[in-house]
Each structure stands twice: as C-alpha cells, then as structure tokens.
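Sequence annotations record features per position, and here TrEMBL assigns Zn(2+) binding site to Cys10, Cys13, Cys29, Cys33.
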Amino acid sequence: MIDEKFTVACPNCKKEVLWSEENRFRPFCSKHCQLIDLGEWATEEKIIPGSEITLLPKDEFKEN
C-alpha cells in the first residue's frame, strides 16, 4: 500500500492542510476557519444560485 500524503488549501485562509481522517475540520485548517465559512452561509454572503421561488402570503398559509 502506498502511503501518500494529500494536502488541500483551506477554503478560508488558503493554508495547506493534510486531508486525513485525523483532521476533523477538513477541508478547513481549524474550527475558526470552519465557523467563518458557516457564518458566511448563514448571512447569505455565500449562496447556491437557482431560480427564485414564490412564497405564499401568510394569510394563504394553512397549518395542518
């Protein structure tokens, strides 16, 4: 078995990180970078493009 080390760049700070099961934050280098990324999704700085959806007005929404 070949024991190759595979590294990736942290999506946040671009630091080279070992891609392995021991790195519980992969692909990030740390919990800090992981939380920064999560915050960007939560504040919609990052989005997945798609078509707009039409929301129902509250008075048309019925709960079961």
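Just so you know, glycine gets a Cβ as well, placed from its N, Cα and C.
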Among the binding-site residues Cys10, Cys13, Cys29, which residue has its Cβ surrounded by the fewest other Cβ atoms within 10 Å?
Cys13
Name the secondary structure element type, per DSSP in three states, that contains Cys33 (Zn(2+) binding site).
helix
